[in-house]
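Below is one structure; the comments refer to it alone.
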Amino acid sequence: LLVLFLTFQLACCCGTAACSLCCKCCPKIKQSTSTRFMYALYFILVTIICCVMMSTTVANEMKTHIPFYKEMCKGIQAGEMCEKLVGYSAVYKVCFGMACFFFLFFLFTIKIDSSKSCRAYVHNGFWLIKLIVLAAMCSGAFFIPDQDTFLNAWRYVGATGGFLFIAIQLILLVEFAHKWNKNWTAGANHKQVWNGLLALVTLILYSIAVAALVLMALFYTRSEGCMYNKVLIGVNGGLCLFVSLVAISPCVQNRQPHSGLLQSGVISCYVMYLTFSALSSKPPETILDENNRNITICVPEFSQGLHRDENLVTGLGTTILFGCILYS
């Protein structure tokens, strides 16, 4: 009993008590809001680590500046050049550990009716211990046997989860744009400046979407070949135009008076990002030139060997991800 009591007190000091001690200067917020914020903070922290691990620049800098890098990688059985600690395979493992962590607490919090219950108290506190558990799960994923089979299976899980997450992001973006449009339209009843701001923001969003469409057509297509890229850009551009026409159609306006071009502008920009992500991830095509030499097409010249488009996709995706998580 004495050991259990001391363990409980230690957990309290490392959890809610420590947080309350450090956050006296912060404004008071609901416990449920602070709990969501802490879980979002954990998610963002792991995501940043994944972005660092996926960066080819970081991997090259480690090879250059860490002494005995090759020998160290062999010693910890991470591959000849630590390929198991960097790149997509490492990100899959870290994300697997994070998914297990959140799924565990999803099961743990089923049918909690009151914040005063024992499970709710654990759910709303013990943040340092949870951080240690999260780190242990993410680290433990690197010791899963038969890594090749695990990675092949986890890719399908990731593809399914990615599809669902894109759908959730679209719902959040539509809801955000709807509230944005509703608030500024309500403000226009008092000051006409809100109508001008609404029109300006909508124009900026569509300008970004059109500019992105033109740049992708310029850099990812050419007169010969690149048929997949042309179809992808054409279909997605056409769908954005269709969504914009639907948003201002009389039937939609009658049912949703606060619907407008702002929502479709936000979605058009997001679709252009998804299109850019798909084009940058697609393997380049090769053809024979007039000298019978293989040349790479359907990728921008500035990105060949530099991964600039992939880094840009990662940065944009991370920014959108953080925005959606914090908004939710």
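Numbering starts at 1 and runs along the chain as displayed.
Glycine is treated like the rest: Cβ placed from N, Cα and C.
According to TrEMBL, the protein has these features:
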- 1-18: signal peptide (SIGNAL)
- 38-59: transmembrane segment (TRANSMEM)
- 90-110: transmembrane segment (TRANSMEM)
- 125-144: transmembrane segment (TRANSMEM)
- 156-177: transmembrane segment (TRANSMEM)
- 197-219: transmembrane segment (TRANSMEM)
- 231-249: transmembrane segment (TRANSMEM)
- 261-279: transmembrane segment (TRANSMEM)
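Tertiary proximity for the transmembrane segment (197-219) is limited to same-chain residues at least six positions away from its ends with a CB under 8 Å from its CB atoms, namely 181, 184-185, 188, 229-230, 233, 237, 240, 244, 260-262, 265-266, 268-269, 271-273, 275-276, 279, 299-300. Where the transmembrane segment (156-177) meets the stretches 38-59, 90-110, 125-144, 231-249, 261-279, the count of C-beta pairs under 8 angstroms peaks at 261-279.
Counting Cβ pairs closer than 8 Å to the transmembrane segment (90-110), the top stretch among 38-59, 125-144, 261-279 is 125-144.
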